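Working notes, structure below.
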């Protein structure tokens, strides 16, 4: 990388946080209620989501702000930065902040009712069922804003080198033969 100062910390915080957020949203929003209702009450699921999502969100936000600072103020990194890079990273940081701002609103509905409306919306969108917006009736504006920005990021995904690098994860690294690396004397 062009400027490594602080890069490891920022990158690790951001990527660990965003992976936690992604896994939490994927399983939390898309797992049908009947699959866990016998052993995981909705109230407990919501508390788990608030705690794990909050922790992942804080990691992601701190890492994202540090990466954005580096991209904006490091002359060598700035020289290779495009406007799209800054836009996408800024939107990701804003999205993360919006997600964290939803936690106090979730805390006002600890019965899980608000969460289940959002789950219904997500499942309707992913399964292409009509009327997904009906699930959002009465949902706080902060959730709607978070949803709109999230969908906007999905629309921008294929046009950004910053987001598309998720597909370049070296998965073959996990299955390759063990390599012995020896020090030279």
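Glycine too: its Cβ is placed from the backbone N, Cα and C atoms.
TrEMBL annotations: computationally assigned, not manually curated.
Under the heading domain 'NarG-like', TrEMBL lists 1-184.
Per TrEMBL, transmembrane segment is recorded for 12-36 (among others). Nonlocal intrachain contacts for the transmembrane segment (12-36), taken as residues 6+ away from its ends with a CB within less than 8 angstroms of a stretch CB, comprise 42, 45, 49, 52-53, 55-64, 66-67, 92, 96, 99, 116, 118-119, 122-123, 126.
The heme b binding site annotation in TrEMBL covers 15, 25, 146, 165. Proximity of residue 15 (heme b binding site) to non-local residues of its own chain (separation of 6 or more, Cβ distance below 8 Å) is seen for 63, given in sequence order.
According to TrEMBL, the transmembrane segment annotation covers 48-68 (among others).
Annotated transmembrane segment per TrEMBL: 88-107 (among others), in sequence order. Residues of the same chain lying 6 or more positions beyond the ends of the transmembrane segment (88-107) and with a Cβ under 8 Å from any Cβ of it are 17-18, 21, 46, 49-50, 53-54, 57-58, 60-61, 64-65, 67-68, 71, 114-115, 140, 142-143, 145-146, 149-150, 152-153, 156, 160, 162-163.
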Have a look around residue 165 (heme b binding site) and count the other CB atoms within 10 A of its CB, chains all included.
9
Please give the maximum pairwise Cα distance, in Å and rounded to a whole number, for the heme b-binding set 15, 25, 146, 165.
23
CB contacts for residue 146 (heme b binding site) [other CB atoms within 10 A, all chains]:
22
